[in-house]
Amino acid sequence: METAGADRGADGAPKHYPGKMTAYVFLACLVASSGGLIFGYDIGISGGVTSMDTFLSRFFPSVYAKEKEVVETNQYCKFDSELLTLFTSSLYLAALIASLFASVITRKFGRKMTMLGGGFIFLVGAVLNGAARNVAMLIIGRILLGVGVGFSIQAVPLYLSEMAPAKLRGMLNISFQLMITVGILFANLINYFTDKIAGGWGWRISLGLAAVPAFIMAGGSLFLPDTPNSLLARGKEDEARAMLRRIRGTNDVGPEYDDLVAASEASKAIENPWSTFLERRYRPQLVMSVLIPTLQQLTGINVVMFYAPVLFKTIGFGGTASLMSAVITGLVNMVATFVSIATVDRLGRKKLFIQGGIQMILAQFILGTLIAIKFGTAGVANISRGYAIVVVVCICVFVSAFAWSWGPLGWLVPSEIFPLEIRSAAQSVVVVFNMAFTFIIAQIFLMMLCRLKFGLFFFFGAMEVIMTAFVFFFLPETKGIPIEEMDRIWGEHWYWGRFVDAGRNRVMQMTSTNV
């Protein structure tokens, strides 16, 4: 059978279902997007505490001793420690594994239950980290935080895309990325102030306060409705129709409901969504689910945001100055995300991808040149206040470009292109590759900085050239197209059409044979 996406207007244009943005949908999406808070808070808080002297001296004394050496020490290698990178990157490995289990929970019990479970597990991890007595407690806590993150980023983007009306799906889905940036900003602010606490225990507050966004997510999930798509997938047809009427603000939901039912029936006919996802007709979605999250991490953004305080210390900022610089980049990150929210459903995804990519390329090459001029390959230099400000400005230009392009769109586009029958499995692939490359980059960044020196920024700049070209040639525009119709854009694409048409013809032949 053919999926509902093939049923569209006679002129081939995408359908426009009746309905409007309702306060109910807005509030539900706002609460669900709080899943981004826990991810963002962790990104910001971990990089900050690993730049605090009291934290390093207690848990990573060898790194602390190297940091306190005289300026003639190679600045590129001051923080190169396998144990330190294990602490920071263990979360992403845990999130990777957890997302595979979360896909089953999302499919069988709904997006709401997945978010609830993720919030509770993250809460336990936050308590462990705040009360840590040794490195083992820190890493166990980080692993639990990772499980919570894996559950949340598996469920939240799907939830937002399914609840939102098609014409506003981009704006509402990007609220997840906005919450990530809010979490990073608040984490950076908290680090800045807790670092000043006398007695050297401020890092406990920084780590322990991760319980706040976890509580918001877990508590909020208790009151969230489930999506019509998820209700249908679990056989709750009447509830799904009632929910669709409520979130669209109209009783005239027949066409959209019929398409959801057709997609749900196609989903139920699939015994193994993982093997189905590997079929030729889903080749475009498979490639995007692998490359978009992978390329998102190869922009180097998590290096900048996660290690911002360490990076600023490395290039000569003082401890407090490095934390304040991280606050500045966090603020830029959040504000620039509003640009994406305001333009994504008007300009489209592809234009933002390309514009942001070009801006990131320029920023990375300029940043690499600035550091090369001052530090060279020896890694020894003192930088003036003016020079440091120029470096921060370049980093802010890079962060702003990411914040309105690859940051939000890296989550939005994958969440809106998957048909229901493979949606949970495909989203798991997105999370796995996102977390895998986040883990790899976090694990090797300090080593790469030590070995490649300023060349690391040129490396990420080259990656951004590749990803911008990929988007230009291979990503079709998805703006305003209902999720159930998304197969149309692949069938019309100059390259992907050969896979989609071949797969559709094969399915139709099998169906006619069985009649």
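Placed from the backbone N, Cα and C atoms, the Cβ positions cover glycine too.
All annotation found in TrEMBL is predicted automatically rather than curated by experts.
Not measured: the values here are computed from a predicted model.
Feature list (source: TrEMBL):
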DOMAIN    28-479  domain 'Major facilitator superfamily (MFS) profile'
TRANSMEM  21-41  transmembrane segment
TRANSMEM  83-106  transmembrane segment
TRANSMEM  138-160  transmembrane segment
TRANSMEM  172-193  transmembrane segment
TRANSMEM  205-224  transmembrane segment
TRANSMEM  286-308  transmembrane segment
TRANSMEM  320-344  transmembrane segment
TRANSMEM  356-375  transmembrane segment
TRANSMEM  387-413  transmembrane segment
TRANSMEM  425-448  transmembrane segment
TRANSMEM  454-475  transmembrane segment
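For the transmembrane segment (454-475), the residues of the chain that approach it from at least six positions outside its boundaries are 287-288, 291, 295, 298-300, 303, 349-350, 353-354, 357-358, 360-361, 364-365, 367-369, 371-372, 375-376, 406, 413, 445, 448, 493, 495-496, judged by C-beta separation under 8 angstroms.
Annotation: stretch 21-41 has the most Cβ pairs under 8 Å to the transmembrane segment (205-224), among 21-41, 138-160, 172-193, 356-375.
Remote same-chain partners of the transmembrane segment (387-413), defined as residues 6 or more beyond its termini with a Cβ less than 8 Å from a stretch Cβ, comprise 153, 157, 161, 169-170, 173-174, 176-178, 180-181, 288, 292-293, 295-296, 299, 301, 304-305, 308, 312, 315-317, 325, 328-329, 332-337, 339-341, 343-344, 349, 352-353, 355-357, 359-360, 362-364, 366-367, 370-371, 374, 434, 467, 475, 478.
The transmembrane segment (172-193) shares more Cβ pairs under 8 Å with 21-41 than with any other stretch in the list 21-41, 83-106, 138-160, 356-375, 425-448. Counting residues 6+ beyond its ends, the transmembrane segment (138-160) has Cβ neighbours under 8 Å at 29, 32-33, 35-36, 38-39, 42, 59, 86-88, 90-99, 102-103, 105-106, 111-112, 114-115, 117-129, 132, 169, 172-173, 175-176, 207, 210, 214, 217, 224, 227, 411-412, 414-415, 423-424, 427-428, 431, 434-435 in the same chain. Using a cut-off of 8 Å between Cβ atoms, the transmembrane segment (425-448) and the transmembrane segment (83-106) share at least three residue pairs, counting only pairs 6 or more apart in sequence. Taking the domain 'Major facilitator superfamily (MFS) profile' (28-479) as a whole, pLDDT averages 85 in the prediction.
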